[in-house]
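Peer 1: Got a structure for you, written out below as structure tokens; questions coming shortly.
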């Protein structure tokens, strides 16, 4: 009775310990999608919020200058204002990546590796080609089947002209 009680307690302790071990992992911060977020996307060109939300003193001064006439702004100031609002331009978003080179390279690597495996298998795993694949053997087997008149109605021998000793046309 004492042994069964001890095993029962040990079992409960083991189960509760494993649950605690599984449950004590790091806390995952949940994203609140109720608030607008910034994203550079071609199909959604005007995000809900600006790229830079915490403005520095120079950026705040530039935003105040933006409220005046835009002809007084220099080209660099206009670019800085654009970069406050957007992270990338359409040209930068549409710029091709070099990821295709990696994909093609990996595909070629695996094709080459597979070819090496096949060459190794042909050299060391597979035996010699059976003699039944030899042209002479196939010719003798064909002649034997014709001599035996194998499947004379719809099959092999039906396509042979025994009078002319040639295949029917």
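The backbone N, Cα and C atoms fix where each Cβ goes, and this holds for glycine too.
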Peer 1: According to Swiss-Prot, one residue among 60, 65, 164 carries the annotation N6-acetyllysine; which one is it?
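Peer 2: So the answer, going by Swiss-Prot, is 60.
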Peer 1: Under Swiss-Prot, which of the candidate ranges 100-125, 126-151 is annotated transmembrane segment?
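Peer 2: Here Swiss-Prot associates transmembrane segment with the stretch 100-125.
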Peer 1: According to Swiss-Prot, which residue out of 29, 159 bears the annotation N6-succinyllysine?
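Peer 2: So the answer, going by Swiss-Prot, is 29.
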Peer 1: Among 63, 67, find the residue to which Swiss-Prot assigns the annotation N6-acetyllysine.
Peer 2: 67
Peer 1: Between residue 60 (N6-acetyllysine) and residue 67 (N6-acetyllysine), how far is it from one CA atom to the other, in Å?
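Peer 2: Computed Cα spacing between residue 60 (N6-acetyllysine) and residue 67 (N6-acetyllysine) is 11 Å.
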Peer 1: What's the number of neighbouring CB atoms sitting within 10 A of the CB on residue 29 (N6-acetyllysine)?
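Peer 2: Residue 29 (N6-acetyllysine) is surrounded by 6 other Cβ atoms within 10 Å.
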Peer 1: What count of other C-beta atoms do you get within 10 angstroms of the C-beta of residue 67 (N6-acetyllysine), across all chains shown?
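Peer 2: Its Cβ shell of radius 10 Å holds 7 other Cβ atoms.
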Peer 1: Could you tell me the C-alpha distance between residue 67 (N6-acetyllysine) and residue 29 (N6-acetyllysine) in angstrom, no decimals?
Peer 2: 38
Peer 1: Quick one: give me the count of other CB atoms within 10 A of the CB of residue 60 (N6-acetyllysine).
Peer 2: 10
